[in-house]
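Listed in TrEMBL:
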- CYS115: active site, glycyl thioester intermediate (ACT_SITE)
- 31-177: domain 'UBC core' (DOMAIN)
Amino acid sequence: MRSQGPSSKSSAIGYRPRAFARMMKGSQLSSSAKRIQKELAEISLDPPCNCSAGPKGDNLYEWVSTIVGPSGCPYSGGVFFLDITFPHDYPFKPPKIVFRTRIYHCNVNSQGQICLDILKDQWSPALTISKVLLSVCSLLTDCNPKDPLVGSIAQQYMADREGHDRTAAEWTKRYAQG
């Protein structure tokens with residue numbers, strides 16, 4: 001089933017499937033480029049809920065993604081932009097994903113780096129960018145304060161959840177709502 005709303009509009013982030021297909025036609029692709037192209041086709045046809053992603057331009061290895069904050073959490077209603085960089089040995093190495101939109105989250109530091117096990121030691125070539133984006137999205141509803149990048153936010157989350165959620169919602173309103 002296709003999701004509706006911002007996540008189903010690949011053109012919103014600049015990706016045009018037909019133009020990209022014409023550009024790639026006849027070119028020799030490495031195995032990593034073929035895998036990325038396959039995942040691009042899949043995510044364009046059936047994007048994960050609340051997510052969209054595609055190449056920044058004509059570079060298959062550099063993508064931009066959006067995640068709409070899920071309802072029922074302090075990030076609800078926010079639109080978060082992420083940069084995705086695929087290594088040339090993808091899928092044997094994980095993509096690098098960085099939040100470009102500021103977010104108050106114990107698993108995301110001020111540079112936008114994400115603490116998520118599947119982007120580090122739990123990476124598997126069986127994972128796809130769609131599955132990774134779903135995992136990043138689930139971090140917005142269920143953070144992991146036991147493995148934080150920002151210890152002070154994790155401490156606040158555990159000691160003063162209401163205060164944490166209020167600050168996270170304020171940041172979402174300030175930085176993630178146009």
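Using N, Cα and C of the backbone, Cβ positions are placed for all residues, glycine too.
When Cβ atoms from all protein chains are considered, those within 10 Å of the residue listed as 'active site, glycyl thioester intermediate' total 18, not counting its own. When averaged over the domain 'UBC core' (31-177), pLDDT in the model lands at 97.
Remark: secondary structure over the domain 'UBC core' (31-177) totals 55 helix, 27 strand, 65 coil, with classes taken from DSSP.
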